[in-house]
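According to TrEMBL, the features are:
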| type | residues | note |
| --- | --- | --- |
| COMPBIAS | 1-13 | compositional bias 'Low complexity' |
| REGION | 1-58 | region 'Disordered' |
| COMPBIAS | 14-57 | compositional bias 'Pro residues' |
| DOMAIN | 67-178 | domain 'Galactosyltransferase N-terminal' |
| DOMAIN | 183-260 | domain 'Galactosyltransferase C-terminal' |
Amino acid sequence: MPSTWPSSAASVPAAPPVPSTQPPAAPPTAPGPTPPPPAPGSPRPPASGLAPRPPSCRPALMRRRALRVQRENPGVLLGGRYSPPDCTPAQTVAVIIPFRHREHHLRYWLHYLHPILRRQRLRYGIYVINQHGEDTFNRAKLLNVGFLEALKEDAAYDCFIFSDVDLVPMDDRNLYRCGDQPRHFAIAMDKFGFRLPYAGYFGGVSGLSKAQFLRINGFPNEYWGWGGEDDDIFNRISLTGMKISRPDVRIGRYRMIKHDRDKHNEPNPQRFTKIQNTKLTMKRDGIASVRYQVLEVSRQPLFTNITVDIGRPPAWPPRG
């Protein structure tokens, strides 16, 4: 295996769409023209530095183009599974994406990530964990679900990469593998000026081995809405005597695809209180206590979509 992987900035075709994760009854969104996003590693765009927001496409067209992308990634099996034909990787990696209403981001993410992961010669599978309904979003609980459901499909998974759907790595040397300590990959996002925003930041893209994940009792289930869960996870890692591993800042660079704040993902008003109480809550709230119902498992050409009902958030007391 070469010590340095080919640059992810190589010329690639415009990102094609992928099949929608929405139920068949949902009305399609009319397509519209849009320029392709900048390839990872390309010069930083002016002004905001964020890639343009691509449109949704009609399901039939998305399916056809997804098949074309599959042909461009030989060896990627139905459901988004891949194993390099010329080596035996030491790890089997499950990439988990918490998801809702982000088809336009997903098609770009898949377009760039499959070639990167293949160049890294990983044995991997991609799992999109789709939150059913319109209740408040719960990112960390979806990641817990992804961990359990991936293991149901293949008990050989021993490394878990948890990635937001709007983040694309800019350097192939940022290897999506697990090590002796939990790994934080997305340490230098363009939206933060390619710097780590604060020392305890663990958001965006992270990785834990199966043993590390179980050691911290997985992720918290009680962070409904935006914010706080990453800091809680950081606390869990610290409280169990582990340390965060990070790549060099020149390698851990990411582009974020532009988007507005999601509906039903408003800031959690209780997040600061919860973060202060991780030590008290981590043993009772985590992978051992997660409750959910799988509604549908759909193996698409480039990923496995798992739609789940994770319940509803408790009523928050009025502030003030």
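Keep in mind that glycine also has a Cβ here, set from the backbone N, Cα and C atoms.
Curation plays no part in TrEMBL annotations; they are all automatic predictions.
When pLDDT values are averaged over the domain 'Galactosyltransferase N-terminal' (67-178), the model yields 94. Residue counts of the domain 'Galactosyltransferase C-terminal' (183-260) by helix, strand and coil are 20 helix, 16 strand, 42 coil (DSSP-based).
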